[in-house]
Amino acid sequence: MSKAGSFFRHKGVKDAFRVLAWVPVGIFFTRHVYSLASVTGGSMQPTFNPNLFSSPLHHDVVLLERWSVAINRFRRGDVVTLWSPQNPELLATKRIVALEGDLVNPLPPSPPTPIRIPPGHCWVEGDSKYQTRDSNTYGPIPLGLITSRVAYILWPWPRRGIVDTDLPTKSKGRVRTLGQSYLQSKFGEALNND
(Lines of atoms letter the chains of each structure in order from A and count residues from 1; the text may use other names and numbers.)
(Lines give C-alpha, C1' and ligand atoms only; values in the text may rest on other atoms or scores of the structure.)
Protein backbone atom coordinates (compact mmCIF):
# COMPACT_ATOMS: atom_id res chain seq x y z
CA MET A 1 0.00 0.00 0.00
CA SER A 2 1.31 3.44 -0.86
CA LYS A 3 1.96 6.14 1.72
CA ALA A 4 -0.64 8.38 0.10
CA GLY A 5 -3.31 5.69 0.37
CA SER A 6 -2.65 5.13 4.06
CA PHE A 7 -2.60 8.91 4.67
CA PHE A 8 -6.20 9.29 3.40
CA ARG A 9 -7.44 6.43 5.59
CA HIS A 10 -6.80 8.27 8.86
CA LYS A 11 -10.02 9.49 10.48
CA GLY A 12 -8.60 12.96 11.12
CA VAL A 13 -7.69 13.41 7.47
CA LYS A 14 -11.14 12.27 6.31
CA ASP A 15 -12.81 14.68 8.74
CA ALA A 16 -10.59 17.53 7.55
CA PHE A 17 -11.58 16.89 3.93
CA ARG A 18 -15.27 16.81 4.88
CA VAL A 19 -14.93 20.19 6.55
CA LEU A 20 -12.90 21.64 3.66
CA ALA A 21 -15.60 20.51 1.21
CA TRP A 22 -18.03 22.92 2.93
CA VAL A 23 -15.71 25.96 2.77
CA PRO A 24 -16.90 27.04 -0.73
CA VAL A 25 -20.51 26.75 0.44
CA GLY A 26 -19.74 28.97 3.43
CA ILE A 27 -17.97 31.54 1.28
CA PHE A 28 -20.86 31.63 -1.18
CA PHE A 29 -23.38 31.98 1.67
CA THR A 30 -21.59 34.93 3.33
CA ARG A 31 -21.02 36.75 0.02
CA HIS A 32 -24.43 36.24 -1.57
CA VAL A 33 -27.03 35.33 1.08
CA TYR A 34 -26.37 36.44 4.70
CA SER A 35 -23.46 37.63 6.80
CA LEU A 36 -22.81 39.44 10.09
CA ALA A 37 -21.35 42.91 10.65
CA SER A 38 -20.62 45.31 13.47
CA VAL A 39 -21.95 48.85 13.03
CA THR A 40 -19.61 51.52 14.41
CA GLY A 41 -20.00 55.28 14.52
CA GLY A 42 -22.95 57.54 15.18
CA SER A 43 -24.32 58.47 11.75
CA MET A 44 -27.24 56.03 12.09
CA GLN A 45 -28.24 56.99 15.65
CA PRO A 46 -30.76 56.23 17.13
CA THR A 47 -31.35 53.20 14.85
CA PHE A 48 -27.87 51.80 15.63
CA ASN A 49 -25.56 52.49 18.57
CA PRO A 50 -28.01 54.73 20.49
CA ASN A 51 -25.68 54.73 23.53
CA LEU A 52 -22.48 55.35 21.59
CA PHE A 53 -21.34 58.30 23.70
CA SER A 54 -21.94 56.62 27.06
CA SER A 55 -20.64 53.19 25.85
CA PRO A 56 -18.20 53.88 22.99
CA LEU A 57 -16.79 50.35 22.95
CA HIS A 58 -20.18 48.65 22.47
CA HIS A 59 -21.39 48.39 18.88
CA ASP A 60 -24.49 46.88 17.34
CA VAL A 61 -24.10 43.55 15.56
CA VAL A 62 -26.43 43.18 12.59
CA LEU A 63 -27.49 40.58 10.04
CA LEU A 64 -26.78 41.63 6.44
CA GLU A 65 -29.07 40.29 3.74
CA ARG A 66 -27.32 40.27 0.36
CA TRP A 67 -29.71 38.82 -2.21
CA SER A 68 -31.83 42.02 -2.44
CA VAL A 69 -28.76 43.73 -3.86
CA ALA A 70 -28.12 40.88 -6.30
CA ILE A 71 -31.64 41.22 -7.74
CA ASN A 72 -31.69 45.05 -7.50
CA ARG A 73 -34.63 45.15 -5.09
CA PHE A 74 -34.33 48.47 -3.29
CA ARG A 75 -37.06 50.31 -1.36
CA ARG A 76 -37.26 53.71 0.25
CA GLY A 77 -36.51 53.27 3.95
CA ASP A 78 -34.16 50.29 3.53
CA VAL A 79 -31.00 50.51 5.63
CA VAL A 80 -28.07 49.45 3.47
CA THR A 81 -24.30 49.10 3.56
CA LEU A 82 -22.38 50.80 0.77
CA TRP A 83 -18.87 51.72 -0.27
CA SER A 84 -18.38 55.40 0.49
CA PRO A 85 -18.14 57.52 -2.68
CA GLN A 86 -15.55 59.69 -0.90
CA ASN A 87 -13.42 56.88 0.56
CA PRO A 88 -13.67 53.58 -1.36
CA GLU A 89 -12.07 51.69 1.55
CA LEU A 90 -14.88 52.69 3.95
CA LEU A 91 -18.04 50.59 4.20
CA ALA A 92 -20.83 52.90 5.42
CA THR A 93 -24.33 52.23 6.72
CA LYS A 94 -27.10 54.58 5.49
CA ARG A 95 -30.84 54.62 4.78
CA ILE A 96 -32.26 54.88 1.24
CA VAL A 97 -34.43 57.99 1.15
CA ALA A 98 -35.09 58.31 -2.58
CA LEU A 99 -34.76 56.17 -5.71
CA GLU A 100 -34.27 57.00 -9.38
CA GLY A 101 -36.76 59.54 -10.71
CA ASP A 102 -37.59 60.94 -7.25
CA LEU A 103 -37.18 64.63 -6.48
CA VAL A 104 -35.28 65.43 -3.26
CA ASN A 105 -35.01 68.70 -1.37
CA PRO A 106 -31.53 68.29 0.12
CA LEU A 107 -30.32 69.45 3.53
CA PRO A 108 -27.18 71.56 4.07
CA PRO A 109 -24.36 71.44 3.02
CA SER A 110 -26.07 70.83 -0.37
CA PRO A 111 -27.53 73.84 -2.18
CA PRO A 112 -31.28 74.20 -1.45
CA THR A 113 -32.34 73.40 -5.03
CA PRO A 114 -34.32 70.17 -5.60
CA ILE A 115 -32.34 67.28 -7.11
CA ARG A 116 -33.81 64.66 -9.46
CA ILE A 117 -32.28 61.23 -8.80
CA PRO A 118 -30.77 59.89 -12.07
CA PRO A 119 -31.33 56.32 -13.33
CA GLY A 120 -29.26 53.71 -11.50
CA HIS A 121 -28.79 55.96 -8.45
CA CYS A 122 -30.37 56.58 -5.05
CA TRP A 123 -30.24 59.16 -2.26
CA VAL A 124 -28.94 57.90 1.11
CA GLU A 125 -28.89 59.60 4.48
CA GLY A 126 -27.83 58.75 8.01
CA ASP A 127 -30.54 58.84 10.65
CA SER A 128 -28.55 61.21 12.88
CA LYS A 129 -29.42 64.88 12.57
CA TYR A 130 -25.93 66.05 13.48
CA GLN A 131 -23.13 63.67 12.57
CA THR A 132 -23.58 62.09 9.17
CA ARG A 133 -21.82 62.34 5.86
CA ASP A 134 -24.34 61.25 3.24
CA SER A 135 -25.95 62.25 -0.06
CA ASN A 136 -26.42 65.77 1.32
CA THR A 137 -22.62 65.95 1.09
CA TYR A 138 -21.81 63.87 -2.01
CA GLY A 139 -25.11 63.75 -3.95
CA PRO A 140 -26.91 60.71 -5.38
CA ILE A 141 -24.90 57.49 -5.27
CA PRO A 142 -24.77 54.68 -7.85
CA LEU A 143 -26.74 51.60 -6.81
CA GLY A 144 -23.61 49.57 -7.63
CA LEU A 145 -21.96 50.88 -4.43
CA ILE A 146 -24.57 49.12 -2.26
CA THR A 147 -23.36 45.78 -0.85
CA SER A 148 -26.23 44.60 1.37
CA ARG A 149 -29.45 45.43 3.21
CA VAL A 150 -29.32 45.53 7.01
CA ALA A 151 -32.16 43.21 8.00
CA TYR A 152 -31.90 42.50 11.72
CA ILE A 153 -30.23 43.74 14.90
CA LEU A 154 -28.70 40.73 16.66
CA TRP A 155 -26.83 42.45 19.51
CA PRO A 156 -27.30 43.98 22.04
CA TRP A 157 -29.86 41.38 23.04
CA PRO A 158 -32.49 43.77 24.50
CA ARG A 159 -32.64 45.67 21.18
CA ARG A 160 -32.72 42.63 18.87
CA GLY A 161 -35.30 42.74 16.11
CA ILE A 162 -36.05 43.66 12.52
CA VAL A 163 -34.56 46.98 11.40
CA ASP A 164 -37.25 49.64 11.11
CA THR A 165 -37.80 50.89 7.54
CA ASP A 166 -39.68 54.08 8.48
CA LEU A 167 -37.94 57.23 7.34
CA PRO A 168 -36.62 59.43 10.15
CA THR A 169 -38.34 62.76 10.84
CA LYS A 170 -35.60 64.75 9.09
CA SER A 171 -36.31 62.92 5.79
CA LYS A 172 -40.10 63.11 5.76
CA GLY A 173 -41.75 65.56 3.40
CA ARG A 174 -38.53 66.24 1.44
CA VAL A 175 -38.97 63.58 -1.24
CA ARG A 176 -41.49 63.47 -4.05
CA THR A 177 -41.71 60.18 -5.88
CA LEU A 178 -41.86 60.10 -9.67
CA GLY A 179 -45.63 59.46 -9.60
CA GLN A 180 -46.24 62.37 -7.23
CA SER A 181 -44.13 64.74 -9.34
CA TYR A 182 -46.08 63.78 -12.46
CA LEU A 183 -49.49 64.22 -10.79
CA GLN A 184 -48.48 67.54 -9.27
CA SER A 185 -47.28 68.92 -12.62
CA LYS A 186 -50.34 67.54 -14.44
CA PHE A 187 -53.07 68.47 -11.99
CA GLY A 188 -51.43 71.03 -9.71
CA GLU A 189 -52.38 69.05 -6.61
CA ALA A 190 -50.40 69.50 -3.43
CA LEU A 191 -49.31 65.96 -2.69
CA ASN A 192 -47.67 65.01 0.56
CA ASN A 193 -45.09 62.23 1.04
CA ASP A 194 -45.34 61.88 4.84
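We count from 1, first residue shown onward.
Just so it is clear, glycine is given a Cβ too, placed from its N, Cα and C backbone atoms.
What TrEMBL lists as active site is Ser43 (among others). Under a cutoff of 8 A between CB atoms, and with a sequence separation of 6+ in the same chain, the neighbours of Ser43 (active site) are Ala92, Thr93, Lys94, Gly126, Asp127, Ser128, Gln131, Thr132, Arg133, Asp134.
Marked as active site by TrEMBL: Lys94 (among others).
Marked as domain 'Peptidase S26' by TrEMBL: 23-104.
Take the CB of Lys94 (active site) and look out to 10 A: across all protein chains shown you find 26 other CB atoms.
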